[in-house]
Structure formats: C-alpha cells, structure tokens
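Taken from TrEMBL as is:
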- G14, S15, G16, K17, S18, T19: ATP binding site (BINDING)
Amino acid sequence: MSHPLRIGLTGGIGSGKSTVAAQLVARGAVLVDTDAISRALTAVGGAALPAIAAAFGPQAIGADGALDRDHMRQQVFADPAMRQRLEAILHPMIGAETMRQAEDAGERPIVFDVPLLTESAHWRERVHKVLVVDCREATQVARVMRRSGWAEETVQRVVAQQATRAARRAIADAVIFNEGLTLEQLDTQVQRLWQAWGADRVKQ
Ligand code: ADP
C-alpha cells in the first residue's frame, strides 16, 4: 500500500481555505472535502437521514426530503448533548467516506479540507502536515459579506463559534497568512509549501 502525503487544511470562515485548496488541486493534489461529504450525507436521499430521523424525529427532515438545517441548527445550538448526538451519527459516516475517497488518490498528495481540524485530535493524527490559512477577523468578515452576502453580525457569530486564530496556529505545521496578498501571491506561497513538502516530486 502506498502512503501519499496527507495534508490537513483548515482555516476560519473567509480565511481563504477553499481558495488555497483549489490552488493545491491545480498542482495535482486530490481534495477530500469533509464539508461536502457532510452535506451529501444530509442531502435528499443522504445516507445519514434515516439515523437522524430516528434520533431527532421526523421534524429533522424538511418537506424537500433533505435535512432541515435551520431546525437542526436551532436544536444543537441550544443543547450540547443534541450536538453530540448528531455528531455521533455523522462523524463515523464522514470518516468512512473520507477514507474511501482518499484510497482513490493513489500516490497523489491528498488534501483533507477539515473546517474543524483544530478541534479534532482524531483528524490531526491522520495527516502528516497541518496547513492553516489565517487572516485578521475583520478581513474574514469582509470577505464573507462580499462572497455570501451575509450580514456582518451573522459572519461575526460564525467566527465567534469557531476555533480562535491562536488555537489554529498552535496546531499548524505551516501557516499561510492570507492578508494583503493577491491571488497570485497566495499561489506563490502555496507553491513554496508544495515544494518544501516534496509534493512536487510525486509522479502524476
Ligand atoms: P474560506 O473557504 O476560508 O471560507 P474562501 O477561499 O472562499 O474562504 O475565500 C473567501 C472569499 O475571499 C472568496 O470569495 C475568495 O475568492 C476571496 N479571497 C480569498 N483570498 C483572497 C485573496 N488573497 N485575494 C483576493 N480574494 C481572496
């Protein structure tokens, strides 16, 4: 069995994590997006829905047949036990699908996009390098307002719920400070890491 380089990529909302992920993919990395996997598990026909409906009742599923995200958000926001229950259903399923996708990568470097990497020792143990994309909070807020059209306080609430910048940086093998950089300059930093970590020497 081969052991390709496994990079764990994380960053707060609006840090530029997805942008960096795309720049790594452009160099030949295989992206395993845990958020996308989680969404697929809870979309219409998603494999997690029966277990969620059994645990939380039929109200957990919306009229369209997908997870009622607003309903569930309200449930888990107020009650940590509920959150744990939901995570106990989702996390093993996300883990299994993640590993399945990773096996398809062959020798190519794998980038695991994990928003909650900082909070998850489980994840950190499964990657060789942790790459954190960081920027000032004000920049995060401005970017997400522009990208998603959210209200400032909505973005701020999400930022406040996430790991702190310091906590993220503390688990990093490398930090890309995505502040005042053009996309090209950001790409140059990605290229430097790609080389430093030997990912450029992998046969595609
Ligand atoms: P995240 O995945 O961390 O939430 P994104 O990669 O989606 O963040 O970036 C948020 C927004 O900011 C996107 O619209 C992206 O194009 C933009 N952005 C990120 N970094 C830069 C940069 N260095 N220069 C210009 N725009 C950027």
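Cβ coordinates come from backbone N, Cα and C, glycine included.
Note that the coordinates shown come from a computational prediction; the quantities given were computed from them, not determined experimentally.
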Query raised in the report: Other residues with Cβ within 8 Å of the Cβ centroid of G14, S15, G16, K17, S18, T19 at the ATP site?
Result: G11, I13, V20, V133, R143, N178
Query raised in the report: Counting across all protein chains shown, how many other Cβ atoms sit within 10 Å of the Cβ of G14 (ATP binding site)?
Result: 25
